[in-house]
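What TrEMBL records for 2-114, 206-355 is domain 'Sodium/calcium exchanger membrane region'. The transmembrane segment annotation in TrEMBL covers 7-31, 37-60, 72-90, 96-116, 203-228, 240-262, 268-292, 313-337, 343-362.
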Amino acid sequence: MKLSEDVAGASVMAAAVACPELFVNILATFFTEGDVGIGTVVGTGLFNVLLVPGLCIIMADQKVIHLENWPITRDVSMYLLTISLLVWSLADNKVYAYEALILIIVYMVYLLILSYSSYLEKIFKYISQQENKVFEGCSENQPILPLNGVAANGFIVQEHINLPKWKDRLRDQLLNIKEILVWPIVLILKVTVPSCNSQDRVFWIPITMCMCIFWIGCGSFIIVELITIIGNEFSIPDSVMGITLLAIGMSVPEMVSSIAVARQGRGTMALCTALSSSTFDVLICLGVPWFIKAMWFHKENSSASINVHSRSLDDSAIAVMLSTIGFMLLMCAKSFVLTKRSGGFLVFIWLFICSAMVYNEYATK
């Protein structure tokens, strides 16, 4: 598609990794009729803004990750607008059809902004009057300068540390257990999902995509049902389950893809994927099911609105907004450079805010 790394991460990758949240909210809106879908979107937003960037730098080979200021500013600004619209929609504990429609329209505008991202970046550079220097992260083992002259004749003393054999055996045993546990799932996917690895099997791509969407939907349905049953058994509110367990489970695709991309030195693409998937979660994963259900209710009861049962979800959305602002301030203070220390700080803030959101959910019951 000839897309730049940040635009590809903000559009194609973001929509792909956000599919579980879309299915979860469709099921929660039309079947379980709880707040688990909204709680999941709010929880994944907090996860993607704080925990994903923190884990990207902590698990990366390089000590720092240099980011481009324009793509991060673009996606953070869009997500702040998105969260503001979510707070506005949840203010009266009702979501009307026109509010859901506004969410969908805003995402269409966002796609338009992405399509003209290169032109807008030039305007951004002109206004800020600074050069947007891009640094690709490099591995710690990669030489910065070649050894020449006297240094080339020297030698490096390095202590080789071998892991104990029992650790190797433990790792192999854990891998074997993992293969046994996932074997039924792998078998089903191999039988039902056609492979498109070779050039002569390109025509299978539409069928492969449909089957992947089908299995994602099945997995999301099972997860939502199990979370709902567990919540009912232990009297745990749907919103709490959505903010914590379900949000973490649904954010695994974003986390895995972002960490993998960041370890390749593409930190901007990794963060754009995480931020834009959160934008997709609110504007599409919430907006589309809300709009359809509100219009359906409008035909039956002449009231084009959906009730939101949890009173603290609005406060949780505000907490996500403040976290996003804090993340942007941290990036500006660090000149858009992620360090190991700032990554640990983001992880700590995520744990603190997540605990506060759960406490607030119980306090308002």
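Using the three backbone atoms N, Cα and C, a Cβ is placed for every residue, glycine included.
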Structural state census, the domain 'Sodium/calcium exchanger membrane region' (206-355) (DSSP three-state): 125 helix, 6 strand, 19 coil
Among 72-90, 96-116, 313-337, stretch most in contact with the transmembrane segment (268-292) (C-beta, under 8 angstroms): 96-116
Winner by Cβ pairs under 8 Å against the transmembrane segment (313-337), considering only 72-90, 96-116, 240-262, 343-362: 72-90
